[in-house]
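Take a look at the structure set out below.
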């Protein structure tokens with residue numbers, strides 16, 4: 001018992017505890033009402049768990065109830081339950097007795113569902129080996145199928161031989177169809193009724209709807225003999241009455257010979273489309289097809305001219321109900337039509353038939369192998385209001401959500417399906433649901449019942465002393481009052497109870513329509529939006545106006561329909577701040593002096609001003625330059641003339657204040673260029689009325705130049721430059737002289753003079769020879785004379 005309670009405890013904590021307050025706000029007054037609110041809700045049946053006004057608090061999530069002090073044993077929280085009634089193991093390998101074959105597990109179970117809670121079941125399907133096969137060959141015998149009839153005369157033997165490789169228990173039968181024997185589907189002259197082919201001329205059988213010719217048998221030669229004896233017939237329009245034949249072949253179980261424990265294959269062979277639904281109204285037939293067997297003593301369809309063609313939906317119901325798998329063998333021209341039919345019919349396949357049915361054998365074998373390689377679940381029974389979802393786990397082991405079919409399976413492989421079932425609401429009735437593999441006789445039967453009641457409802461104290469001395473019955477921790485008494489403990493009588501004391505005004509509803517009047521006092525309802533309070537439940541904390549989707553702009557508290565703003569906020573929505581900080585421009589002036597600060601935003605009043613702080617104003621004048629006349633007048637005027645400057649300052653919208661008691665942090669510094677290159681500096685501020693005030697006016701003018709000092713300085717500079725140049729010249733000359741002297745001394749030291757000879761001396765006598773004078777002596781005389 002302790003382990004069970006511990007498991008329940010963790011179950012309670014883990015289930016839907018994210019839903020906070022949804023159960024308690026539902027206003028449930030009984031355990032059953034609480035369960036209907038949602039699957040996350042539970043009821044506390046513990047006595048004296050809540051006070052007078054809190055019966056609804058008994059309904060909450062399990063975790064919340066535990067937190068409130070409810071003991072675990074008193075928490076009513078029924079869960080969905082699954083009871084497996086029959087669960088035989090799946091058959092393995094070949095079975096000698098086909099009646100003992102089990103291909104689905106489990107076979108039956110009972111399911112109790114808590115509304116809103118999902119319950120998952122696992123279903124396993126395994127196709128057994130060597131499963132018996134019943135094949136019924138349904139052939140179109142209209143005139144266009146004459147060559148096909150000749151081709152299949154030996155089909156029985158060939159088909160039995162091939163199928164023996166796949167199963168040791170094979171039977172086959174034969175039936176044929178043409179069309180409803182009534183105008184306008186056939187010609188109605190006596191000659192053409194007797195012989196529809198008389199215009200060719202050729203003899204053929206009269207038009208007929210459906211004939212069951214050979215019941216299912218394992219005698220292949222008998223099948224061949226029957227086929228050889230068949231004759232064709234004819235009709236007018238191209239579509240045939242094949243769907244009439246399919247319906248009769250599916251529902252006439254005894255006459256066809258379908259076995260309960262075999263695979264039912266219905267091979268439909270035709271080269272034309274089929275009539276269905278209301279096509280027979282052309283012939284005046286208006287009675288809907290009843291889906292019953294109507295084969296007469298001659299095994300012919302007796303209601304062909306009375307009942308309409310079956311609809312696709314009717315065919316689906318009967319084929320699934322009788323586990324018949326349909327194989328459409330049709331010509332290439334008709335394939336696209338029958339593929340559309342096959343998409344709607346569970347287990348149906350389509351094969352392309354050659355003109356003369358030459359490939360019919362291979363077509364049947366291929367279709368059989370395809371059907372045996374697929375496992376698909378079909379849902380039957382009362383599923384209205386029931387939510388079902390499937391997840392297929394095929395031989396690869398990979399789950400495929402929202403799929404109830406496995407393909408490419410081998411015989412003997414196990415296909416698993418997780419089936420999730422849920423009920424959206426509580427309906428006081430049980431449902432019978434069947435899950436079956438398409439084409440197989442095995443099925444899982446499920447009895448689904450709603451779980452909407454509490455165990456504590458079984459224990460009732462009638463006329464309990466806990467309910468004001470027997471004025472009611474005590475059940476699940478609360479009182480159910482007898483007639484004439486009301487109140488949570490049945491303490492008030494209806495004859496003495498008046499609701500007038502619960503009305504704020506005579507014309508208003510009791511407790512403002514948001515509470516219940518118990519013994520002359522209002523007990524306000526719980527609301528998921530907030531608290532309802534007041535002596536008449538007239539107040540709440542959630543009905544105030546909203547700003548940008550937030551209650552009281554998220555800057556105040558809602559009290560009885562009105563916003564109570566927090567500090568720093570005002571307005572009906574508490575969306576208006578009292579702070580002016582957002583309105584101060586970069587120069588420190590409120591709205592740049594061009595507007596008013598309202599709710600933390602600047603409303604520009606100067607024409608042309610814009611921007612968050614009215615800082616942009618192409619048409620506005622410079623605030624500093626606009627005060628030039630006022631400032632210059634103030635600086636140039638003497639004591640009496642300053643009064644004349646007041647008017648100029650008024651025109652500029654400013655006043656001059658020589659006092660120093662102002663905040664320099666919020667001031668604007670201005671500089672103006674005046675006459676004689678004087679620089680005027682002053683500060684601008686705004687007073688409480690928004691007017692401009694001028695402070696700290698200063699004028700700084702440059703001094704005139706000192707000409708004598710400038711001339712003296714220039715003269716001294718010229719003199720100094722001259723002296724410097726002379727010094728430089730002297731240095732250069734001295735450097736050159738020293739260089740020459742050094743060179744001379746070096747040359748002198750290298751010379752080697754002869755004794756008594758001055759190397760620097762040059763004689764004063766020079767001798768020249770006259771080349772034209774030939775007398776040598778005279779030359780000598782001349783030379784000596786010269787010397």
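Placed from the backbone N, Cα and C atoms, the Cβ positions cover glycine too.
These figures come from a predicted structure and were not determined experimentally.
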Matching residue for the Mg(2+) site, where Swiss-Prot names 140, 142, 144 - out of 47, 57, 240: 240
Per Swiss-Prot, member of 68, 355, 404 binding Ca(2+) 1 alongside 144, 147, 148, 271: 355
Which listed span Swiss-Prot calls region 'Interaction with HAX1', if the choices are 730-757, 758-785: 730-757
Ca(2+) 2 site partner of 235, 237, 239, 240 (as recorded in Swiss-Prot), chosen from 179, 191, 300, 308: 179
Annotated transmembrane segment segment (source Swiss-Prot; candidates 688-708, 709-729): 709-729
Folded-back contacts onto the domain 'I-EGF 1' (456-491), same chain, C-beta under 8 angstroms, at least six residues removed: 29-32, 43-47, 49, 52, 55, 58, 74, 76, 497, 518-519
Count of other CB atoms lying within 10 Å of the CB belonging to residue 537 (disulfide bond): 23
Rounded distance in angstrom between the Cα atoms of residue 179 (Ca(2+) 2 binding site) and residue 34 (disulfide bond): 62
Cβ within 8 Å of the mean position of the Cβ atoms of 179, 235, 237, 239, 240: remaining residues of the chain near Ca(2+) 2: 142, 178, 180, 185, 236, 238, 241, 272, 275
Local confidence of the region 'Interaction with HAX1' (730-757) - pLDDT mean: 79
Collapsed DSSP category at residue 563 (disulfide bond): strand
Neighbour tally for residue 544 (disulfide bond), based on other Cβ positions within 10 Å of its Cβ: 22
Cα-Cα distance linking residue 237 (Ca(2+) 2 binding site) and residue 563 (disulfide bond), given in Å to the nearest integer: 82
